[in-house]
Structures are given as C-alpha cells and as structure tokens.
Amino acid sequence: MAKNQQLEVLNALDVAKTQWYHFTAIIIAGMGFFTDAYDLFSISLVTKLLGRLYYTQPNPTHPGSLPINVSAAVNGVALCGTLAGQLFFGWLGDKLGRKKVYGLTLVMMVGASLACGLSFGSSAKSVMTTLCFFRFWLGFGIGGDYPLSATIMSEYANKKTRGAFIAAVFAMQGVGILVSGVVSLIVSAAFENKFKPPSFEEDAIRSLTPEADYIWRVILMFGAFPAGMTYYYRMQMPETARYTALVAQNAKQAAADMSRVLQTDINAEEAKLAIMMNDKKKQFGLFSKEFARIYGVRLIGTTTTWFLLDIAFYSQNLFQKDIFTSIGWIPSASKMSAIREVYKVARAQTLIALCGTVPGYWFTVAFIDIIGRWIIQVVGFLMMTIFMFAIAFPYDYWSQREHRIGFIIMYGLTFFFANFGPNATTFVVPAEVFPARLRSTCHGISAAAGKAGAIVGAFGFVYASQEKDPAKRDPGYPAGIGKKNSLIVLGVINFIGMLFTFLVPEAKGLSLEEAANETTEDQEETNVEENISSV
C-alpha cells in the first residue's frame, strides 16, 4: 500500500486530536489489565497462608508451607493458561475481529477469578486441585486480553501519542499490583484486629485461626469486580477501523463507525480499498516465505526480548517475599501468626509497587513518544542489569539488618527500570510493527514467548533460589544455587535482553502502516539497521 493510497478513515485516525474516546478506550482496556495483574500477582501474597492452612502438621514444630510441587503449580499454572490464551485469542482476534472476542476474555477472567475464591473441598489436595484448575482458566482469559487490548488501542490511537496510549493501558498492571497489596493489607489487618492471634512461637495452634481461610478467598475474588463493571462498555465499542477495512474489507462500515467516533464525515472509498486488496504481494500469511523475509527478524526481536524480560520480571515479583524474608525485612514465619505474615508480605510488596513499580509505568507513558520505544527498552535492560548485579555481588552485605533499607531501594530501582523499560515496551511494540491482518496473532506470539519466560521464572526460580544450607531452605526443598547466584543469573539474562533489542524496530511517530512496512511496494527491510547505526 503506497503512502498516497492510505484510506481516508485510517488517515483520520492517525491525525486525530486526543479526544474523550481515546481516554474511554484506555479505561475500558486498562481495567482488564488491572484484573490481569491483580490476579496474577496476588497469589504471591497468600501462598504462605495457604501453606499454613493446609499443610500444618498436628502438634507442629514449625509453620506449615506448601510442598515444592504444589507451590510451583499454584504460582505457575495461571501463567500456563495465559500462554495458551495469548496464542489462541491472538489468532482468533485476527480471524473473527477484535470486538467479537474481547467480551469473551473478560467474562472468562471475571468468572474464573470468582471461582478461585470459591475453590472447594476440605482436604489440601481438593482445595489445591480446584484452585489450580480455576487459575488455569483465569490465565486463559487473561492471555486473550494481552493481544486484544494492545491491538485495539494501537488501532484506535493517533500516531503522535499512540505509544503513550498503549503504555497507559499496560500501566494499569502496576495499579493492579499495588491494589492487590492494599487489599491484602486491609483484609489481613481487619482479621487480625478481630481475632488477635498470637505468634506461632507463643501458641502454635491459636496462631492459625480457622477464619484465616476466608482471607485468601476474599483477596483473590476482589479483582473480578472492577473489570466486571466494564463489560457493558467493552461491548459498546465499535470494531477497529483497521480490522473492518483492511481485514474484513468493509470500507463503508469502517467509515461509518469512525465518523460516529470522531464526529466528522469520512468517505468510504470502497473503490480504493478494492484496488489495495488486489495487491496479492501484501496478502501473504504467517507461515510464508514473504512473512519470514519481511517480518521474521522483528518477530524474533519481539519474542526473545519479551521472553528474557519475563524470566527476570516474574521471578522478582512472585518470589520477592522470600528475598525480603532472607534479608530480615520480614520476620521468620515462627515469629508471626498466619494473618500477620500476610500483612507483612503485603506491606513489602505494596511499598515496592508504590515506590518503584507504579512510577516506572507512568514514566514510560510520559516519555515513550518523546524518546522512543527502542531507547527506553535498551536503557531499561541495561539499568536492570546494573542494579541486579549491584544487589547480587555484595548480597551478604545487603543481608545485614542495618543495610536492608539500602537493599529495598536498590531492589525497587530494578522494578522502576523494568517498567520504565522493557516490561512496557515489549507490550507496546508488537502491536505496532506487524500488518493489520496478522497484528493480533503476532502480538499473541510475542506475549506467549514472554509467558514462557515467566513460566521459567516461576517454576525455575523456586528451585534455583533455595540455599545450599539446609537451615536456610524451606522444608522439603532440594538445594539450589541460592538467592545470590540466582540474582546474578537474572542480571545476565537482562543483559542478553538488551542485545536482542537491536532486532526490534522503532515505531515512534509513524502510522501503523508505516511501522509495519506497508506504505510502499518496495520497502521490505526492517529498520533494524537504523537501530544499530544509531548506537
């Protein structure tokens, strides 16, 4: 599609001033990501409570904890569902349309989130089995929200502020992480005030009040409600003009939909669309040689960077409670009641989210269309590497009680530069650099690669981070390489992610058709070379 062939409806979207419908789309799509993050990360706040509730032995000598296989399943099964959902719904969004699939993913998220809190049975096996079952389907729905939200927002936005709008949707993930901590604080504080349980050392039996079983259920279920309230508004959004025109090939409907949204008259240009669609060279599929030649390198770039980022990001998020315990910021389990432990873990996560995680997301929103996606991603990976090494190599120093505030600051900075960096940009870029007919699919593939990295982090780090000293390991866990060496490995992974960023093109200031190399008939190379020459 030559540049002068761009449809009027697409040009109108590209040059449109920021309007109320942009913010409406951000809120509608963003609330899905709020639930995504809330549900994926809230589980780390209650796993220790689950261990106490269902795996404390009669006449206990130490607080109960989840067996290693159960802990890995509870933490990782939603990620497995997410990976499957990203691939399936990403493909479905290109086949049936973004809007038709969008409501289904939300229904799945809300329903499965509520079901997680209703996990039934009286034995540990039945409760954990049903919890894992519902969390898989929760993840499946969450997976669909990744490619669909990113694609919808990219296709609604103008080219001047498109990066900020997509990043703002993703920034709701930070709000979800923060709210999961706040809700856990409120719920655990309320139960502690009501029942006033002693620590495990003072009274092992009374430290675990039966009513604590309600705590994790309330926490897991809460995330369903904000997203559920947006269902009606999701269903009222019109299909994106780029899907309607370029994929469904209905220029008249696309013009009518966007005329209502932009409140201006737009010509349908059905004859021009028919000419454009007759260009067979632009109709190749995902598994064609043409796709591999034109988009293969950038797909490798978007998948590898997201994969490497999520190994580090999810390892840090899901197991930060263990790191805080090891440096003494959270007391040992025997010195707390079960409810108090939830409060302490939630307080730590909330502080990190408030000071590092959430600001990082919104820094990306503010600067992504000024300095570009590529620079933010490279610098983010680099700073994550630096701070991870700064924590890891002198880990014994940071483990001393008097230095723990410094550790928290350094640890928080790794989250800041993850979110003012690759955690945001890996979500944004795949929604911009692939053609409309394959955009949702390619974003889903990129996101699924990320979740594969998250699974490596979730399942691998729980083993790898175990200390060689049996006294410092969780009961039943084999010796790993320890937290210090695990952090070093994560630092190396971040550095490799920075190198693979050189395969990712820059889309700042370009229309989606320009970013996807569809503006001229002879432009078939990526702009990877520009990234390399700019360094």
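Yeah, the Cβs are placed from backbone N, Cα and C, and that goes for glycine too.
The transmembrane segment annotation in TrEMBL covers 20-46 (among others).
Marked as domain 'Major facilitator superfamily (MFS) profile' by TrEMBL: 25-509.
Sequence annotations record features per position, and here TrEMBL assigns transmembrane segment to 66-89 (among others).
Sequence annotations record features per position, and here TrEMBL assigns transmembrane segment to 101-120 (among others).
Residues annotated as transmembrane segment in TrEMBL: 164-191 (among others).
Taken from TrEMBL, the feature transmembrane segment applies to 214-233 (among others).
The transmembrane segment feature in TrEMBL is assigned to 345-368 (among others). Counting same-chain residues at least six beyond the ends of the transmembrane segment (345-368), those with a Cβ under 8 angstroms from any Cβ of the stretch are 41, 44-45, 48, 163-164, 167-168, 170-171, 173-175, 177-178, 180-182, 184-185, 188, 320-321, 324, 329-330, 376, 408, 411-421, 423-425, 428, 508.
Here TrEMBL flags 374-393 (among others) as transmembrane segment. Under 8 Å from some Cβ of the transmembrane segment (374-393) lie the Cβ atoms of residues 305, 309, 312, 364, 367-368, 407, 410-411, 413-414, 417-418, 420-426, 429, 484-485, 487-488, 490-492, 494-495, 497-498, 501, 504-506, 531, all in the same chain and six or more residues away from its ends.
Annotated transmembrane segment per TrEMBL: 405-424 (among others), in sequence order.
According to TrEMBL, the transmembrane segment annotation covers 444-464 (among others).
Annotation source TrEMBL lists transmembrane segment at 485-504 (among others).
The annotation compositional bias 'Acidic residues' is assigned in TrEMBL to 516-528.
The region 'Disordered' annotation in TrEMBL covers 516-535.
Segment contact holds for the transmembrane segment (164-191) and the transmembrane segment (20-46), given three or more CB pairs below 8 angstroms at sequence separation of 6 or more.
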